[in-house]
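Peer 1: The following feature annotations were taken from TrEMBL:
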ACT_SITE  Tyr155  active site, proton acceptor
BINDING   15-17, Asp36, 62-63, Asn89, Tyr155, Lys159, 185-190  NAD(+) binding site
DOMAIN    6-146  domain 'Ketoreductase'
Amino acid sequence: MSIKGKVALITGAGQGIGRAIALRLASDGADISLVDVNGDRVDAVADEVRAVGAKAISLVADVTDRDQVQTAVDRTERELGGFDIIVNNAGIAQVNPIADVTPEEVSRILAVNVEGVLWGIQVGAAKFRELGHGGKIINASSIAGHEGFPMLGVYSATKFAVRGLTQAAAKEYASDGITVNAYCPGVVGTDMWVTIDERFAALTGAPKGATFDKFVGGIALGRAQTPEDVAAYVSYLAGPDSDYMTGQAGLIDGGLVYR
Ligand SMILES: NC(=O)C1=CN([C@@H]2O[C@H](COP(=O)(O)OP(=O)(O)OC[C@H]3O[C@@H](n4cnc5c(N)ncnc54)[C@H](O)[C@@H]3O)[C@@H](O)[C@H]2O)C=CC1
Ligand SMILES: CC(=O)C(C)=O
């Protein structure tokens, strides 16, 4: 079944997993609103989406600012003629042992990974209600939202928080015909993992690439995940085949964490 004719907004769409989701939902038939703090990157992805044959707009917005999220959702509806799916994908990682975490770091990662998702849920659901129809809200959690990893403690806390928000929102918005689910990727070879690996190397003296290889070594399917692997699951969550699913945070990690 398809999402042909639907409009999807994706945050953090300038690269990595967000870019792959945009291209996948465009191939599935949706028009795409691409949101990121990096305007050049999101413009380039919009060109790629148009090459697939979908309509695309690129919007610069910081998900930590509710007003900017509101403007992005309003412009999406106005410029693409609807609003049906929001993917709250934008996120950042931080690597630090709990002993060394600073208040500034905590504030920043909570703002992006938790508040950013919260505003996307709140503003997105309000727009679905205003338009008088249901919708799909899809949030980025992680394997780190199911299991705490050393040096990734605060990041893990934010991704557990996304699962909590997803469950609560699923219950609050169910009667509006809005479903709320999360995706929990494993080890995806994006810039985020380059940064994580470099930071582990700097903190522990591990050779560059060793931390990434160690995580990948634990994956039952024997390879790192691609952004397209994640996008395939988000395609299911965005489409009608998942209409009877809400409040879930599914692991899509090649068999790394078992819950
Ligand atoms: N890469 C991985 O292995 C995994 C990633 N994830 C999650 O998937 C999501 C996407 O990750 P990646 O594509 O790997 O990351 P990435 O670092 O490659 O891309 C993130 C994008 O989000 C944008 N962004 C960052 N802060 C923003 C803000 N305040 N407002 C708007 N846009 C902002 C960045 O400019 C960038 O384009 C994140 O939520 C991440 O935590 C979850 C599990 C594994
Ligand atoms: C980047 C990430 O989500 C990890 C390490 O689970």
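Heads up, residue numbers simply count up from 1 along the chain you see.
Backbone N, Cα and C atoms are what each Cβ position is placed from, and that goes for glycine too.
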Peer 1: Please report the distance from the Cα of Val188 (NAD(+) binding site) to the Cα of the residue listed as 'active site, proton acceptor', rounded to the nearest angstrom.
Peer 2: 16
Peer 1: Can you give me the Cα-Cα distance between Gln15 (NAD(+) binding site) and the residue listed as 'active site, proton acceptor' in Å, rounded to a whole number?
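Peer 2: Gln15 (NAD(+) binding site) to the residue listed as 'active site, proton acceptor', Cα-Cα distance: 20 Å.
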Peer 1: I'd like to know which of the recorded positions listed (Gln15, Tyr155, Lys159) lie near ligand 1, counting only a CB under 6 Å away.
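Peer 2: Only Gln15 qualify.
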Peer 1: Residue counts in helix (H, G, I), strand (E, B) and coil for the domain 'Ketoreductase' (6-146), per DSSP?
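Peer 2: Result for the domain 'Ketoreductase' (6-146), in helix, strand, coil order: 76 helix, 26 strand, 39 coil.
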Peer 1: With the cut-off set at 10 Å between Cβ atoms, which of these binding-site residues ends up with the most neighbours? Options: Asn89, Thr190.
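Peer 2: Within the set of binding-site residues, the most crowded position is Asn89.
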Peer 1: If you count other C-beta atoms within 10 angstroms, which of the binding-site residues Ile17, Val188 is the most crowded?
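Peer 2: Of Ile17, Val188, the one with the most crowded Cβ is Ile17.
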Peer 1: Drop a 10 Å sphere on every Cβ of the binding-site residues Asp62, Lys159 and tell me which sphere holds the fewest other Cβ atoms.
Peer 2: Asp62
Peer 1: Under a criterion of Cβ-Cβ distance under 8 Å and sequence separation of at least 6, what residues of the same chain contact the residue listed as 'active site, proton acceptor'?
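Peer 2: Once residues fewer than 6 apart are set aside, the residue listed as 'active site, proton acceptor' is near Ala93, Gln94, Val95, Ile109, Asn113, Ser142, Ala144.
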